[in-house]
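S.K.: Quick one: the structure is below, questions incoming.
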Amino acid sequence: MAPLRDRVSTLPRLQLLVLLLLPLLLVPQPIAGHGGKYSREKNEPEMAAKRESGEEFRMEKLNQLWEKAKRLHLSPVRLAELHSDLKIQERDELNWKKLKVEGLDGDGEKEAKLVHNLNVILARYGLDGRKDTQTVHSNALNEDTQDELGDPRLEKLWHKAKTSGKFSSEELDKLWREFLHYKEKIHEYNVLLDTLSRAEEGYENLLSPSDMTHIKSDTLASKHSELKDRLRSINQGLDRLRKVSHQGYGPATEFEEPRVIDLWDLAQSANFTEKELESFREELKHFEAKIEKHNHYQKQLEISHQKLKHVESIGDPEHISRNKEKYVLLEEKTKELGYKVKKHLQDLSSRVSRARHNEL
């Protein structure tokens with residue numbers, strides 16, 4: 001049988017919308033089973049809606065996810081990361097609502113992307129009810145980190161690098177972040193693959209064979225293209241990890257942070273002029289500095305959390321109050337920086353994507 005995208009040509013708007021929303025509807029019961037709490041009215045507040053007192057987000061479904069995450073006892077750093085992701089999701093959804101009112105998302109493409117992004121968040125933090133969605137909980141290096149990689153190839157490379165004597169402690173910390181970034185890319189690839197598979201099954205279930213010739217699956221074709229790009233990035237990432245693990249870091253490294261390295265590699269193959277590429281390089285330097293600052297606050301937050309637990313075990317009210325105040329300040333600063341990093345990453349990624357699309 002021919003591939004789905006070769007067998008379809010046009011899609012009625014209503015059927016397309018149902019299909020695009022299908023992956024979110026298929027999220028396992030722990031998330032989807034909240035009944036009326038996830039009704040359209042409560043998920044899509046009025047434009048002027050403001051946060052209720054004591055709530056983290058303006059959208060009720062995001063507040064529910066936040067409360068669920070806190071019950072899962074995620075680490076402070078993971079919670080701060082989730083908070084930043086949900087803030088980005090909220091911003092994008094509220095912006096989309098404005099576009100929808102103006103009739104600028106008639107085909108539902110932007111709505112489908114929002115659904116996909118939320119699915120990624122659910123999977124990334126283990127909020128989708130699945131047992132296989134655990135990810136590494138810390139950017140910090142510790143004695144048992146190799147057990148968190150979950151891939152024999154990565155564990156072997158990490159062990160080789162750690163025992164080679166070619167890396168300083170700072171370089172090992174840097175290399176560990178590269179391993180984490182690589183693992184996260186694999187995880188998100190699997191999430192996208194799963195979402196795409198369920199969407200393709202939706203075509204089969206929603207439409208009769210006679211309808212199939214009239215459906216154009218542009219959305220699925222776009223996701224297939226995204227899968228190929230991600231797989232290419234994964235393969236390049238593994239090649240880099242192998243090279244660095246065996247040879248160590250060279251003296252002429254352009255950038256150090258994995259996300260910045262990925263962006264720079266993509267930018268060099270995009271349709272940028274020489275002047276635009278140089279401008280992008282300078283912006284990446286600023287972005288890397290922002291990431292390093294965020295990493296610093298993440299480490300301080302972890303240290304503060306451990307210290308607070310120690311003080312609480314002793315039971316000194318004055319020390320508890322002082323340490324809790326410091327912890328809360330660090331937590332808020334880490335959330336704020338995390339949001340800025342993710343927003344900046346989103347903006348830079350969009351610019352590279354547009355440049356690569358223009359080239360095609």
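Please read every residue number as a count from 1 along the shown chain.
Backbone N, Cα and C atoms are what each Cβ position is placed from, and that goes for glycine too.
If you look up Swiss-Prot, you'll see 222-302 marked as coiled coil, on the strength of sequence analysis. Residues or ranges marked as N-linked glycosylation site by Swiss-Prot: Asn271. According to Swiss-Prot, the phosphoserine annotation covers Ser53, Ser138. The region 'LDL receptor binding' feature in Swiss-Prot is assigned to 240-356. What Swiss-Prot records for 357-360 is motif 'Prevents secretion from ER'. The signal peptide annotation in Swiss-Prot covers 1-33.
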S.K.: Pop the mean pLDDT for the region 'LDL receptor binding' (240-356) in here, whole number is fine.
M.R.: 91
S.K.: DSSP on the region 'LDL receptor binding' (240-356): how many residues come out helix, how many strand, how many coil?
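M.R.: Its residues divide into 100 helix, 0 strand, 17 coil.
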